[in-house]
Structures are given as C-alpha cells and as structure tokens.
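Report on one structure; see the data block that follows.
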Amino acid sequence: MGVFDYKNLGTEASKTLFADATAITLYTYHNLDNGFAVGYQQHGLGLGCRHTGRGVARQHRLPGSDPPAFPGILTRKRPPWTRCTQPVGRQSSASALGYGGKVDARGTFFGEKAGYTTAQAEVLGKYDDAGKLLEIGIGFRGTSGPRESLITTPCRSGQRPARRAGPQGLCEKLCRRTFGGLLKTVADYAGAHGLSGKDVLVSGHSLGGLAVNSMADLSTSKWAGFYKDANYLAYASPTQSAGDKVLNIGYENDPVFRALDGSTFNLSSLGVHDKAHESTTDNIVSFNDHYASTLWNVLPFSIANLSTWVSHLPSAYGDGMTRVLESGFYEQMTRDSTIILCPTWSDPARANTWVQDLNRNAEPHTGNTFIIGSDGNDLIQGGKGADFIEGGKGNDTIRDNSGHNTFLFSGHFGQDRIIGYQPTGWCSRAPTAAPTCATTRRPWGPIRC
C-alpha cells in the first residue's frame, strides 16, 4: 500500500484525492503562516530567530504579503485572492447553499453554538466545463484565525471546548456542535444536485484535523448517514480515529500530531509519544532546524516546548507532503516507510548541516529510508543501510556511507556531486524526464448560485 493510498481507490486516484485535500486545507488558512514561513526560510531558528519574528510582523503588515491564489483550488473566472478585494462569487456560497448561519466577507462559515462560534470552515465545489457540480470539499481550519485577528481568534477557537470536554469528548462532539446545521445543509444541497457522500471530500489541519476525525466518527449516526461514505483526510490531528475511514497524515516530529494516544491524554503526551495507529503515517520526518540541532534538542520533545512546533505549520505540510507525492520513489514507499524531508530547511542551516535520519525522539526506524531534498543546495547523507536518495533541484552534495544506496536524478536536478560512492555492480538511475503525477484535476472553487 502506498503512503497516501486511501480505501480501495488505487494509487493514482489516491494521489489526486491527496492533492485536492492539501489544497483545501491550505486554503482554509488564507495563507496565515506565510510571514513566519518567509522569515524562517531566510533566518532559521538559531541566532536569526529574532529576525524570523520580525519577518512575521513585517509580512502581516505589508500589502504585498496578501495571500496568493492557490493553484487547483480557484475557478478560472475567479481573480486571485487578496486581503482587500472580495473574490467574485465568494459571498454567494451561503446563499447558494440556502444556509442562514454566520458567514464573513470571505465566505468562511463560523461555529453555530455558544462556546464554538470562532470555529471556521470552508465549503468549496468542483465543476466540469459545463458548470455541473462534480464534488464538494469541506475544509476545517485549525486553531487560528484570519491574519487581521491573529491573536484573538486562536485564543477563543479551540481552548474553550477542549477544556470543557477533554480530548475524547471534544472529538465526539466537535462537528455536531460547531457545524451540525451547516453539514445538514450541505448534505441536502449535494443530494439535490445528484451527489452522494462518496462525492464529498473532508479535510483539515490541527484542530481542523480533529474536526475531520470527529465528523467521520459521527458520519453514520448523524446527518441521516449521508457522510458515511465521504472521503476524510486529516493533517496533524491530535486525535486519530480507529479504522480506515480517515487517513491521518502527520510528521513524526510534530508534537501536536503525537500529543494523544488516539483520543486519550496520558503522561506520555507531555513527552515522546510515538505509538503507531492503523490510520496514520508514522515515520515521516520534517528535517528542519529544530530536528537537526543538538542544542535545541537538549530541551525535551513536548507539545509544551514551542520550538518543536515548527514541524506543525500548514506550510510545512503543504510543501513537505507534496514532495512525497511527487517523488520518483513514491511507488517504493509504504505507509510505514521512514521518509526524511527537508523542504522546510532554512537557508542558514542548509549551508552546513547534513540531512540524514537522526531517529530522534521516536521508536527505532527499521527498513529502508527515503531522503528527499529541497529546491536548494542540500547536503544529504545516507546511512549504513539501503537508502533511497532524491536530491531534487539545486546543486546537492550527497555522501554515500554504505555502497547500497539508490540515487535518483530527475528533471532539473542541478549539478549534483556524490562523495564516498562505492559501486556495487549496478548504477544509479537517471531518467531523462522528471517523474510526474499525471492525473487530471479540476479546480476547486466557491459553491455557485
């Protein structure tokens, strides 16, 4: 089974579903973490950390930092999203659905019951060339808010219901209490347009991922069972449903993804918590400044240690997990493969640190290791086993430590150099064209009147 294979869809259909779910999830944040991502990329978490913070503030002030359009999610007729311009048709979503709840100028839907009113969700549609509705996408935003209320909204959106219900209770009740009416309206709208639950994709990140798991758990007993066959992909969810109804995607070194034992809080939640679950990816590592630094790792790995949260950012998931999807090694990867990703590697750290499997704060890694580089000039080091190394773009330096590694050079891979290479009777392969994920995708856009 491939890393992101879901239900019985097959590899190519699962890839398309994953790409759509990622696009929907990133859209729900309206590019919220762009400021930090830019500052971190330029300055990292070391001595440049203060510059990273300055970049966050600067990015949130500058008109030029408005969220761009996300390819594959907006309709052809819809102009790029900006903070000042209301996109054509966006506000029509609520009226098109026949929904009377709270909605803002962006078309974002808000929680319906007291104590949950700052929860936020998006409803998007996918259409054919004739304008016929093909699929509906539901995206739940994580514990955050729009950029203009960056502090106040997160403080209200998730903590209050979490304190009241606890993880297990929150997971069971979140969707019913926050968007029960909206989800009924969407189900009625979908049925009126000839769609079934199989035509609905539900996605979200962090607390939004928890909402995805909550909706999946309730899908058979609520909303007349309409959503029982829907597709559920959650990113960085602190809770993971049992069974295979939800694909829970997360980094091994994301403290939020590893906070709970399924839906139970225990003492291990405050430290290293690496239990495998049926519905989760368990060995994908975001090789970032924190993971690589011996100094940063003197502090305990914990959800209470804010420096570990660099692996939790939406942008880290959008870029990193897409690298897995587009890798030439994808066919060789499985759900339990050890995969090291470094697209969230800052420029200062990239210049003098070797990307490798450090196996930090986790159960021992076994089997083959896949290391996928970034678009920059990476230093990549294989281990003693049979590693699969793909440098990516840029001029990479790759160190071979075993003589049993497989190297993939594809597309615009730059001027790469291998040191310590020990031939074992066969050569690394060099395709003439970049491996591609050749699937037909239609854009997601607002529900139309």
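Each position is counted from 1, following the chain as shown.
Cβ atoms are placed via backbone N, Cα and C, with glycine included.
Of the listed segments 58-77, 138-157, 358-377, 398-417, Swiss-Prot assigns region 'Disordered' to 58-77. Scoring each of the recorded positions (Ser206, Asp387) by how many neighbouring Cβ atoms lie within 10 Å, the top position goes to Ser206. Secondary structure at Gly318 (Ca(2+) binding site), taken from DSSP and collapsed to helix, strand or coil, is helix. Residue pair Asp387 (Ca(2+) binding site) / Ser206 (active site, charge relay system) shows a Cα separation of 31 Å.
Here the C-alpha separation of Asp396 (Ca(2+) binding site) and Ser206 (active site, charge relay system) works out to 33 Å.
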